[in-house]
Every structure is written in C-alpha cells, then in structure tokens.
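Before any comments, here is the structure.
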Amino acid sequence: MRNDQIRKIVFTGLCIAIGLLLPKIINLLPIAYPGAIFLPMHIPVLICGFVCGLPYGVLCGMMLPLLSFLLTGMPPIFPIGISMVFELAAYGALTAIFYRLTKGKIFITLIIAMIGGRLVMGIANIILFSFAGNVYGITLFLTSAFITALPGIIIQLIFIPTIVKALKKANMLPSTVNG
C-alpha cells in the first residue's frame with residue numbers, strides 16, 4: 001500500500017470520527033433539531049471529498065450516517081438515515097469530481113456539491129417517503145434543504161473553503177490539484 005493511500009484512509013477515518021463527534025456537540029444546544037439546522041455531518045464529508053477524492057469521499061458519506069445510527073440511534077434510520085447515506089455520498093463524490101474538473105476552484109466546487117447533494121436527498125426522500133405511504137413535496141424539500149438548513153449552509157460556505165485552503169497550503173490535497 002502506498003503512502004498516499006494510507007494518508008487517505010487515515011484522513012477518511014478522521015473525517016468519520018469528526019462526523020460522529022460534531023453532532024454530539026451540536027445536540028447539546030438547547031434548540032429543537034440542531035442537526036437539521038447546523039448540518040454537522042456534512043462538513044467532514046465535504047472536506048473528505050476535497051482532500052481524499054473518490055472513492056474515499058463517497059465511503060465517508062455512506063458510512064457516517066449508518067455508523068452514527070448504530071452508535072447513537074441518530075439519525076433515525078428510516079427514512080432520514082437512508083436518505084442521508086445518498087446525500088452525503090453525493091457530497092463526497094461531487095466535491096471529489098468537481099474539484100478536479102474546475103482545476104481546484106474550491107467555492108464553485110462547494111456550491112455544486114451542496115446543490116447536487118440536496119437534489120439527491122430530495123429524490124431519495126421522494127422514493128423513501130412513498131414507501132411509507134407519505135408524500136415528500138416541493139415545499140417540504142425547500143424547507144428542509146434550504147430554509148431550516150440555512151445556518152448550516154452559511155457555516156459550510158464560510159468554514160469549508162478556509163479549511164480546504166489551509167489543507168492545500170499544508171500540501172494535504174491531491175498533487176494534481178496542488179500543482
């Protein structure tokens with residue numbers, strides 16, 4: 001196994017650990033549904049996609065909600081946890097893909113990944129909610145994906161580019177992007 005692969009595996013594990021810890025910290029806030037507001041699992045997955053690329057970003061996104069459910073019971077596995085598996089996997093994939101396609105443009109990549117992941121979440125919820133005999137309409141989608149999540153979206157737009165730039169400066173990003 002090459003050093004680069006080992007570094008990516010370790011960093012992915014670190015992102016998963018952070019993704020398990022952040023919701024526990026956020027849930028200490030005395031408000032209803034702080035995870036849906038601040039999106040603490042999204043941050044490490046998006047960063048993992050930037051730093052480790054495919055398939056690590058996808059793996060991080062898929063494992064995080066499942067491990068969180070197994071260890072803490074949150075998020076509820078159906079439909080939210082399953083939906084998050086698809087959403088977070090999309091974040092990991094889209095950051096990895098578009099970071100390369102845009103030749104290292106962090107903010108554009110982040111916006112594309114955030115919109116794409118939310119669209120994947122919406123499609124997953126339409127399917128999953130229908131299995132339960134419920135309707136997941138456009139109003140619920142817009143409310144959950146953008147209005148309720150607005151503080152988390154702002155946090156992501158402020159902190160993720162800063163963190164990725166610091167990691168780039170520390171030579172932690174793929175060499176084809178650092179070049």
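Just so it is clear, glycine is given a Cβ too, placed from its N, Cα and C backbone atoms.
TrEMBL entries are annotated by machine, without manual review.
The transmembrane segment annotation in TrEMBL covers 6-33 (among others). If you look at the transmembrane segment (6-33), the same-chain residues 6 or more away from its ends with a CB under 8 A from one of its CBs are 40-41, 43-45, 47-48, 51-53, 56, 59-60, 63-64, 67-68, 71-72, 74, 148, 172.
Marked as transmembrane segment by TrEMBL: 45-71 (among others). Taking Cβ pairs closer than 8 Å, the transmembrane segment (45-71) reaches residues 8-9, 11-12, 15-16, 19-20, 23, 77, 81, 84-85, 87-97, 99-100, 106, 109-110, 113-114, 156, 160, 163-164, 167, 172-174 in its own chain, all 6 or more past its ends.
Under the heading transmembrane segment, TrEMBL lists 77-99 (among others). Same-chain residues lying 6 or more positions outside the transmembrane segment (77-99) and placing a CB less than 8 Å from one of its CB atoms are 41-42, 45-46, 48-50, 52-54, 56-62, 64-66, 68-69, 105-106, 108-110, 112-114, 116-118, 120-121, 123-125, 128-129, 131-132, 177.
Taken from TrEMBL, the feature transmembrane segment covers 106-132 (among others). Here the transmembrane segment (106-132) has Cβ contacts under 8 Å with residues 42, 46, 49-50, 78-79, 82-84, 86-91, 94-95, 98-99, 140-141, 145-146, 153, 156-157, 160-161, 164-165 of the same chain, all six or more residues outside its ends.
Taken from TrEMBL, the feature transmembrane segment applies to 138-164 (among others). Below 8 angstroms of C-beta separation, residues 33, 36-40, 42-43, 46-47, 50-51, 106-107, 110, 114, 118, 121-122, 125, 173 of the same chain, each at least six residues beyond the ends of the transmembrane segment (138-164), sit close to that stretch.
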